[in-house]
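Okay, structure first, notes after.
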Amino acid sequence: LGDVSEASGARWVAQSVSPSPDRFGLFGAPPLSEGYVVLLGDERSKPSPPPSEFLLSVFRRNRAARLVCLSIVLSFVCSLLFWTASKNMGQTVTTPLSLTLEHWEDVQRIASNQSVDVKKRRWVTFCSAEWPTFGVGWPQDGTFNLDIILQVKSKVFSPGPHGHPDQVPYIVTWEAIAYEPPPWVKPFVSPKLSPSPTAPILPSGPSTQPPPRSALYPALTPSIKPRPSKPQVLSDNGGPLIDLLSEDPPPYGGQGLSSSDGDGDREEATSTSEIPAPSPIVSRLRGKRDPPAADSTTSRAFPLRLGGNGQLQYWPFSSSDLYNWKNNNPSFSEDPGKLTALIESVLTTHQPTWDDCQQLLGTLLTGEEKQRVLLEARKAVRGNDGRPTQLPNEVDAAFPLERPDWDYTTQRGRNHLVLYRQLLLAGLQNAGRSPTNLAKVKGITQGPNESPSAFLERLKEAYRRYTPYDPEDPGQETNVSMSFIWQSAPDIGRKLERLEDLKSKTLGDLVREAERIFNKRETPEEREERVRRETEEKEERRRAEEEQKEKERDRRRHREMSKLLATVVSGQRQDRQGGERRRPQLDKDQCAYCKEKGHWAKDCPKKPRGPRGPRPQTSLLTLDD
């Protein structure tokens, strides 16, 4: 310590240190020696500061030190933030259910395209609680696997008490999302595998595998060639079937068109069936069709459709169509006309088979309604003479109750189906007629804003439904016309009753006149203006009457006050006159007239005798005086 003059500090080294003022350490600090800070001083220097003050002085004097420290702090903060974000990202898991909830607006749009409506709470409940209990492998977080979705769908569409009709919109929407995934679903859907060529099958004994069964959607595994010994009308290139609402037997098969070219057609069908094609039913639901043939101008998706090889292919009704028809139309008992028109349109455009007709009736009608329709249809069967027949063999041949052996690929089978559809329509029309009830017809009245034409249609429908009469029959025109007049709106009915030569007017003339009256009705704005004007006029009349009554009361009060004042003034005058001339007191026998005694005034001889003159009139004062 003696080597260093005027040194201070806690610890020192026993080495000679040059007192040169030009020797500095890092950032202007004194030099370091063996890990110890040497604080130098001379006679002019003061004692060295403590270590804490020394470090702060270094930061204040040197910019590089500050930058280095700031960089270290920022690096530490960034590392901490990056580690926290990485940890959070690692803990967040995206599931199909959470993905659909994040894009709920897109899910609702897809559901709207399917003509259904979905709610978020029920969506979560069905996905996480209901469908996992079906035992088909549905996870609680949802899935976009079509195979699992279709198994859940088959459970939902199960007939009878085992079905879940309230879950139909939700599973249909899941199916739509999985079949045509939006951009936010595509990363979570595994791509479809392209079919790979299979090795030729070596000849062997009879195959023990069951014949190939068509699925609802294209399978991801390569399809197996069907055996050429068993041709199928429902070829694979026609598309797989969709699950039906009822467990009816599969469509009946038909023979080939001809035996000569049957083998060639089967070979073509076998070669083309190796490539899985999109389901025609799903294509029909999504509005995407296969490219049409060169000679076709429209795309038709009927149960019986002419295929590319000239053979009719069978496409059943989709469950979505059946669901929409059932829920968007009234029941047969409530409005048989509307449901009959719907079924007639379906029978005309879709050309259904016998199985399709049974499925359609079972979906849209109740059991009792279906039995009534079938009974009426069998009554409409006509014999060879053109009249209704009751022969069981002829009735069963035309309208069988059991599944017939009709081949729709032949002309004879198609003729049977055409006759069956015609009889079914006749049965629907006859079964829709209710017992005669004229009170129901009389209860049909025109609405306030209903046009006469619409009212006439409702009236005719009531005649068809509740009476045995046909409103289109000329013999019933008079009855329909009178009902039209009496049950029209009050303003229209009154004017129709006052028409000249009413008896010669036809129903068409009455409708045209009613339309003219209806169109001349005042608009709501005009009616509002008229009501406002009438209200103002009524208020003015009321005010005028009130003013007149008030004036009358004032005049009456004026007259009464005048009489009262006149009476008061007259009394005051009499009092004043009486005060000036007082009568003297009379004795008992003194005359009031002559003031003599011995007689009274009536016997006074001095009193003049003769007729009494008129009394002087008393003048009345008025308020003007």
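Positions of Cβ are set from backbone N, Cα and C atoms, glycine also.
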Record-annotated N-linked glycosylation site (source Swiss-Prot) among candidates ASN113, ASN449:
ASN113
Protein Cβ atoms within 10 Å of ASN479 (N-linked glycosylation site), excluding its own:
16
Looking at Cβ-Cβ distances, which residues of the chain lie under 8 angstroms from ASN113 (N-linked glycosylation site) while being 6 or more apart from it?
ALA176
For the compositional bias 'Basic and acidic residues' (522-553), give the DSSP counts of helix residues, strand residues and coil residues.
30 helix, 0 strand, 2 coil
